[in-house]
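For His274, His335, the entry in Swiss-Prot reads heme binding site. According to Swiss-Prot, the feature transmembrane segment maps to 26-46, 111-131, 139-159, 174-194, 212-232, 276-296, 305-325, 327-347.
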Amino acid sequence: MAHAELATEQMLLKEIGRTERNRRQIRGWLAAVLFALFALVLVGGATRLTESGLSITEWKPVHGVIPPLSAEEWEEEFRLYQRIPQYEQINKGMTVDEFKTIFWWEWAHRLLARGIGVIFALPLFFFWVTGRIERRLRLPLLGILALGGFQGFIGWWMVSSGLAERTAVSQYRLATHLTIACLIFAACMWIYRGLCPHSDDAHPTKRSQGMAGAIAIMSLFQIYLGAIVAGLDAGLSYNTWPLMDGAIVPGGLFVQQPAWINLFENPKTVQFVHRLGAYLLFALALWHMIASLRAAPETTHARRSVLLFALVTVQAAIGITTLLLQVPIGWGVLHQGGALVVLGFAIAHWRGFVGTYPRDTAIEMRD
């Protein structure tokens, strides 16, 4: 009897060790995906700020990997760009060499997006067929893969909005594109954090988990609002802080009819709402930190709340600086990257309240 119990215990320990090894491999893979997604969002921000997003006027998911390689091919690509309103109304007289500059930004963005698809799909297939992915994670990971494929379509849908009548992409489609990218990033972070070891600290308060979730959701919504700001160049409508043209609430916020359309199409209103969102996020993070420190100052959850508030504060400072400097490219990209850092940490903090995924003892290893 004792021998059987010992054998069972040894088998269990072996299974636990195998599970931990598998989880380390999955975490390493997801960390690489998260890093690549972060880089993609930064390149996407630079592509937008340099007004390069419409330089490639065709969607070629496979052949588009290869850029123009000869003078004739560059001339043909440039001729395609010369047909769209952005060239006619903004960049008339641009040379081929100047066109190459904006082309490379958009090409790099698309190439990196394709690369992330490979980085995600191939390891997913390998980990799946070798039994390294726990059953509870299979459907979520497939969902992320499907959302990533859909994001490619959304990207072209966004670009196509600026090829016929507009000189820039639709702010609605830009916001959709960026928000889906951030959803993919958040989902990967949620799973990654769930595979990491967690502390056994008690929650600082019963409301702490809900507050952490509210901060994460508000961070994502603020990114959506920021994308609307970017799509309308609303960051240039008021370049003063804390007042807007000398007022807390500027005039002309609801001049368009119906009134609700101002929230999406009036640059002044859009910037005002984005500012309000930033103040709300700052207040939520501050409240969460104070409540956590008062309830349980020595816990990991409380320490994370301090770091989260610090990140929100730094991001607010970057946003204000970007505004005052009238949105230079470097600061604009930094602000977009900072938003993703805040979102990622907010998601990890929220997931920390849930704890590690329970071990799936039914994992099957196959050579």
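Each residue, glycine too, has its Cβ placed from N, Cα and C.
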So which of 26-46, 174-194, 327-347 has the most C-beta pairs under 8 Å when paired with the transmembrane segment (139-159)?
174-194
Report, as numbers and ranges, every residue of the chain located at least six residues beyond the transmembrane segment (305-325) whose Cβ falls under 8 Å of a Cβ in that stretch; write 'none' if there are none.
204, 208, 212, 215, 235, 238-241, 278, 281-282, 285-286, 288-289, 292-293, 331-332, 334-335, 338-339, 341-342, 345-346, 349
Beyond the flanks of the transmembrane segment (212-232) by at least 6 residues, Cβ under 8 Å:
48, 168-172, 174-175, 177-179, 182-183, 186, 264-265, 267, 270-271, 273-274, 277-278, 280-281, 284-285, 288, 305, 308, 312, 332, 335-336, 339-340, 342-343, 346-347, 349-350, 352-353
May I ask for the residues of the chain that lie six or more residues beyond the transmembrane segment (327-347) and have a Cβ under 8 Å from a Cβ within it?
34, 38, 41-42, 45-46, 49-50, 182, 185-186, 189-190, 193, 212, 215-216, 219-220, 222-223, 226, 230, 235-236, 307-308, 311-312, 314-315, 318-319, 321
Result, the transmembrane segment (276-296) in contact with the transmembrane segment (111-131) (3+ CB pairs under 8 Å):
no
Specify the count of other C-beta atoms within 10 Å of the C-beta of His274 (heme binding site).
21
